[in-house]
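Trainee: Quick paste of what Swiss-Prot says about this protein:
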- E93: active site, proton acceptor (ACT_SITE)
- C343: active site, S-methylcysteine intermediate (ACT_SITE)
- C113, C117, C120: [4Fe-4S] cluster binding site (BINDING)
- G167, E168, S199, S221, L222, H223, N300: S-adenosyl-L-methionine binding site (BINDING)
- C106-C343: disulfide bond (DISULFID)
- 99-337: domain 'Radical SAM core' (DOMAIN)
Amino acid sequence: MQQDKVNLLGLNQKAIEDFFISIGEKKFHARQVFKWIHKKGVIDFDAMTDLGKNLRHKLKEKAQITIPKVVFSKASKDGTHKWLIDVGGSAVETVFILAEGRGTLCVSSQVGCTLNCSFCSTGKQGFNRNLSAAEVIAQLWIAARTLSKTDGEHDFTVTNIVMMGMGEPLMNFENVVPAMDIMMDDLAYGLSRRKVTLSTSGVVPRIYDLLEQSGVSLAVSLHAPNDMLRNEIVPINKKYNIDELLEACKLYAQKGPHKHITFEYTLIEEVNDNLSDAEELVALLKSREVPAKINLIPFNPYPGTPYKKPSNNRIHRFKEFLQHNGFVTTVRKTRGDDIDAACGQLAGDVMDKTNRKQRYLKKLGDTNAN
């Protein structure tokens, strides 16, 4: 039966080797298939020309390589690309962002999100389910195969991965870690740990697990300089407070691929963008002795939000204060906002929880009609 076949797409190198041993085949054949899938983009066993006929026949009986369907894709004038990907009747978004010298793919880990951060549009649609490892790595497979390498002006090679799309990746640890293993495998995409970044809102126990089992680069969605405000806008803080979070971050900085943690801080007008907030943030990070780089993200408004984007003057003032106090600070440029691909807009084409499937099916029907 089709449903009994193993989808090889989501198996990291060890898992695919174990599968081949279980069907009486050698590990080196597993590595051949692994390379065909991820390095060469081939998903037809018959096209894997260095495999024997009998092995290809056995694989067709016992395994499959299933790639989710791309419902539609969009390209922004600034080179940003976005895909809406079918994951079994629901949909997730993947975004490719061009910047000087690199191409970053923003990968989703869940359909929706459980954390319900007050300023994030993804959380407003509710939570459906975790993505499988195959559905996570498929986003990179699709991007690597469908992006043109160059348009004469831009290089569309994926050089960096950020697990910053829809969902909280550490709430889907068991599937995200094997997918990241594939991203970093030299027989697959060959990205270094420094080029794969996982962003978390602060699932503290899993930060320790991540350091032990993967050790990719870590970014933390902080967004507030104290527990009172963070409890309000990042509710997981009620379970794992700032002290616990920064303790985990300090250890990760000591042992991870970078000697600092990137803290993401979404600037929301008159909520967390006051000079007093900047002062408190500086005092917090210095007192905890966490090596930090700060990435300021101007809030991206979406329909129904009560929040506003700060003025450029307020953003500049906040940044200047942090820099004056010794912190490397960047302001994230808004990219892809004309196709709802900017940070915080990843629910634009994916629907609220109650209407998700109906609207998805309508989108699918409209796409097929075209």
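From the backbone N, Cα and C atoms, a Cβ is placed for every residue, glycine too.
What you see is a predicted model, and the numbers here were worked out from it, not measured in a lab.
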Trainee: Within 8 Å of the Cβ centroid of the [4Fe-4S] cluster site residues C113, C117, C120, which other residues of the same chain have their Cβ?
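Mentor: In sequence order, the nearby non-listed residues are L115, N116, F119, S121, T122, G123, K124, E168, S201.
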Trainee: Relative to the Cα of L222 (S-adenosyl-L-methionine binding site), which of the recorded positions C106, C113, C117, C120 has the closest Cα?
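Mentor: For L222 (S-adenosyl-L-methionine binding site), the closest Cα among C106, C113, C117, C120 is found at C117.
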Trainee: Counting other Cβ atoms within 10 Å, pick out the least crowded of the recorded positions E93, E168.
Mentor: E93
Trainee: In DSSP terms, helix, strand or coil for C117 ([4Fe-4S] cluster binding site)?
Mentor: coil
Trainee: Judged by the number of other CB atoms within 10 angstroms, which among C117, C120 is the least packed of the binding-site residues?
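Mentor: Among the binding-site residues C117, C120, the sparsest Cβ neighbourhood within 10 Å belongs to C117.
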Trainee: Quick one: pull the CA-CA distance for C106 (disulfide bond) versus E93 (active site, proton acceptor), whole Å only.
Mentor: 9
Trainee: If we check Cα distances from C113 ([4Fe-4S] cluster binding site), which of the recorded positions E93, E168, S199, S221, N300 wins as closest?
Mentor: E168
